[in-house]
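As recorded in TrEMBL:
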type	residues	note
TRANSMEM	B:35-57	transmembrane segment
TRANSMEM	B:77-98	transmembrane segment
TRANSMEM	B:110-132	transmembrane segment
TRANSMEM	B:138-161	transmembrane segment
TRANSMEM	B:191-222	transmembrane segment
TRANSMEM	B:310-331	transmembrane segment
TRANSMEM	B:343-363	transmembrane segment
TRANSMEM	B:375-399	transmembrane segment
TRANSMEM	B:420-443	transmembrane segment
TRANSMEM	B:455-477	transmembrane segment
């Protein structure tokens, strides 16, 4: 930010210098780091918040869970997942925008805040749409929000291009800046224009507007998917535009700011880990008068009623915390995030968001009931998928490992086996627990609790376990080469020089 | 983290290298940046969450606000403020700890997660304590949590000192590492030992244990305050220990990680800005059957009932967002944060946490009622103090400006006047609105709404306003020197070379 300031302000008066800094605008240029961190925090909170209406649905004990779950699945869970998707689409657009605009000033900061205000309002308009699908008001409000967000983004781009020192260095150096500007504006304005059509159609024929909205969200991905499949099937012939910027392409390998993926994920993990304590703090402090009357002033007896909820809290905090830990370990080894990895990350986070709900369900039903068994199984399924999509990120990264991974975790690298063990621990444990609860359905809760307690310790001794497993593997498959350690050196040697270059 | 790895692993097999990296432990060493960001997010959520029980208190319309407010003040608001204080004390201890331990490995990450789990449970034990002040259970639980947190911290320190490459470079180089270790452990273990006493006394004589707890929290600050006042009164004689590390001193100018202050503040601002949308998403989507029955399928009519709540949401989002904006501008110019600035920041954030509640109150009462007037006035008071403590941070920074501020915002620097205007806008506006509502009590809500709408625009044109004000000042006080711009050059020149050094 400093390098932009010209030295011509020397020997001007204080008042003059304030005025001149207003004219050239350089001194107010700022790094956008903290603005983006704050935006990520806001968006991650909003994305996960729609799990609350689902979590606060009260189940009657005599009712079978299956029916409640079906009622949930049809409306609230669908709303939660769709909101999560829409908010992350808005977040992806925000990342694209601020990969183009790398420095900010006060005007951009204020415009961004206005944009954030409308993004945080999206979940509400969306839940209106879901509750009243045949009413035009929901869709009109939603479209209005999206259109204003698009206009603000266009305004930010125009402002950025009229103050070129705010732009990404690559674009700043680019010779066809005007072309870049037009292309970016076209991509950005596509969404508000489609929404304008959708809102016009909503008055005439509401189904059409829903189709338009679906197209708005999914079309770039579908078209890219088709293009990618076609290029793979026909072979080669990748259209490369070396002079244009790598943003706004919707290509699966389009770079995604790794820092922002991390801070968005941190926000989701943090709010999900604390969701249950919010409820506990609000609801689980008994009324003094009740304790006096019903429990004869015995606070411990009164609190024992809430026992399972504390267990649910610690269980969900530990699981979310450890999933964060795995994510953290994974991203330590990632050097560059791509859009496809971002997509898997979003899926993983969407499942993580459902975890507190699942844990709460586990402890809400009477012991040994059919409901409880199903709640335990749902928890296992959620943990399984949350972990599986983390693994998918790792596999995606391995496909382009030369670009996306640190050398020492690449296939055959030093930390490869350990990372794999970390990533596969939760999916394996969840799958195992699921199978056990199917077989030994009477002990399902005990098995689940054992898993909750056991997994953190498994992580603590994981390094040891991996070492033992590797020794066992070596002993099983190549017992003859037990003293011939130098055999796989060729494979290793091709990797190691790169480490030295990087470090 | 890379510089620690020794190159002696060349030409070892994959299996061997995994085993050897286990032995030396270097390759698993990680930067602690993201762990700390995640911890900050968790702690900031927990700190602000206790406003929810306050916000969800329902007021009867026929009841006078004054009585409700008094009932609130005595319990819930006190619990909120005390919890905020205690959690920030735990946060400060966490900062101290990870200023000593600068790199982490998997074991430390897992220990930190366990520590976080207990910190997030603190508000609950505290609210038990507040609801049942005469029951030992609350205080026992609280002390147990604090003791376990202390033990984990001690464990982290011991682990850090037994793996010296994890430590702060200054301590790593220090010759009396054993002394540093003992001193740090003494400071850390002081709190759990006091809590042990408190929990023993709680069984015998409960008042004593509350006094002990108060001493635990406030004593370091009080003793430092007294020491500082004494040193100022007597003059000089500052005890300096050049060989010891600058951490764990409780001195007001003890360095505080600027990055962590920022990310903690971001967390609080983000969760506070979205608190109202949580409520709106959960409560303000009307039931389709109700809309059909009562409003004749007219959704707009049904939603009009919630009108004031949307206004409250946008109002509070804008105010919190702009206060964040001011905070952001301030910390752009701060080079080093001190413990005293951190304290003012905490106070400011505690008031910010109360904002959504105040805005909700403003729109909950019938128009023109006495309650509404008081709610508006309370909002003004909260905004005033939130802004005032931000201003206090700036003033504190100016006292030691050579160390804590960028040269170009120091007194007389280029951006000084503009920064001052930004910081004083909210306190001035809040004070003005408060005075106006006292004088023109009939129009209080209109005045308040005008403020809500006007302030964001005021920020947009603030640079222009400051410029006009400076020109006016110059014209008023030194009209003769209007054409003599070079007079205050001496003052400016002494500053400008520093800019060049920095940039």
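Any Cβ shown, glycine's included, is placed from N, Cα and C.
Predicted automatically and left uncurated, TrEMBL annotations should be read as such.
For the transmembrane segment (B:455-477), the partner stretch with the most Cβ pairs below 8 Å, chosen from B:35-57, B:77-98, B:191-222, B:310-331, B:375-399, is B:310-331. Scored by C-beta pairs under 8 angstroms, the transmembrane segment (B:35-57) has its highest count with B:343-363, from the stretches B:138-161, B:191-222, B:343-363. Long-range contacts of the transmembrane segment (B:343-363) within the same chain: residues 47-48, 51, 54-55, 59, 65, 77, 80-81, 84-85, 88, 261, 265, 268-269, 272, 275-276, 279, 308-309, 311-312, 315-316, 319-320, 323, 327, 372, 375-376, 378-379, 382-383, 385-390, 392-393, 396, 445, 448, each at least 6 residues beyond the stretch ends and with a Cβ under 8 Å from a Cβ of the stretch. If you look at the transmembrane segment (B:110-132), the same-chain residues 6 or more away from its ends with a CB under 8 A from one of its CBs are 35, 39, 42-43, 46, 49-50, 53, 75, 78-79, 82-83, 86-87, 90, 94, 104, 138-139, 141-142, 145-146, 148-149, 152-153, 155-156, 159. Here the transmembrane segment (B:310-331) has long-range neighbours at 258, 261-262, 265-266, 269, 272-277, 280, 337, 348, 352, 355-356, 359-360, 362-363, 383, 386-387, 390, 393-394, 419, 422-423, 425-426, 449, 452, 455-456, 459, meaning same-chain residues at least 6 beyond its ends whose C-beta is under 8 angstroms from one of its own.
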